[in-house]
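Below you'll find the structure, written out as structure tokens, and then a few comments.
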């Protein structure tokens, strides 16, 4: 039975490319048939004049990155949105800007994933260890990598998780190839997964799992071969077929992700970040059968999700009804307040097979101090680092701003 919500207004801001890719105008028509008025927001004008707004849907990732580079125009537009949100805390935002900033930084999102996994205490989940390189590799880099539980081969990724260059990655097979690593970046242990990637597209409480091609298996340990540079977006296209995605050496465990695990992962991320439109990249370790989260994306393309509009409309209807019933709003953030989530104790004892006990680049001191404090998910708060060379303080550091300039030299195209 369809629910009509006459008088409710939904404002949206998406790039022209994103609107065309999603055919978003068709979604606007669906909303109108339910009595919901849909308004395309003009950020060059005060939002107060375009309100009132019960819901705001957006993908402001490009503008947020440019604002973080102190681009005057982007700062003005993002602040205009934030001012409206602060003035109207009853407006439901899909999704809150602090959460988007967290997802734009792979270091912060990986830290969050590791902490969620520790809280879940589910041996079916084990994401790879990672570390951040903020400067050129030196004599002590290899030792630092070993201390963080990383092994060859490993994946080298840009720190910024959005934009065309965020898909440019490299597989590093030996210390000889460390010279090819260009900081600041994130390095993450490579897990053999039989060349299959599972993209989980989340819309509120609904999610769809789509199978995609991925990188083939490689022998564990250092290897006498050159680094492989690739574009992850091209590798994981539905029709992708190349030597990199070959399944000739498939071995061990080959199974789809467990529905209970995916449901709990998506639920935990929704609660921790207060987001509802995101994607999770999951692989299955072919040796242990464990699930590993290797990336999280804000408002992905939802390619291969035929019911996306239906799921989105149902989600909007649900949150609007909750608002009308004066229920707690799971997605609306208080004005200018940092997002926090409760912290459980870290998993103790011997880690399960194939799982490193190190949580990213956190030091023991940081782990012990975090057990009594809330998770810091606000992008501008920063996070403690183990040392100056290898740290996780990108949100406010010059390195992060330089990285944005280098990787988003031109406006990043929305996914």
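If you go along the chain as it appears here, the first residue is 1 and each next one adds 1.
A Cβ is built for glycine as well, from the same backbone N, Cα and C atoms used for every other residue.
Quick look at what TrEMBL annotates:
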COMPBIAS  356-373  compositional bias 'Low complexity'
DOMAIN    9-100  domain 'Inositol-tetrakisphosphate 1-kinase N-terminal'
DOMAIN    120-317  domain 'Inositol 1,3,4-trisphosphate 5/6-kinase ATP-grasp'
REGION    236-259  region 'Disordered'
REGION    323-374  region 'Disordered'
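On the 0 to 100 pLDDT scale, the domain 'Inositol-tetrakisphosphate 1-kinase N-terminal' (9-100) averages 95 in this prediction. Tertiary neighbourhood of the region 'Disordered' (236-259): same-chain residues 124, 192, 194-200, 209, 211-217, 228, 230, 282, 284-289, 291, 303-304, selected by CB-CB distance under 8 Å and a gap of 6+ residues from either end. Helix first, then strand, then coil: DSSP counts for the region 'Disordered' (236-259) stand at 4 helix, 0 strand, 20 coil. Mapped onto DSSP helix, strand and coil, the domain 'Inositol-tetrakisphosphate 1-kinase N-terminal' (9-100) counts 49 helix, 16 strand, 27 coil.
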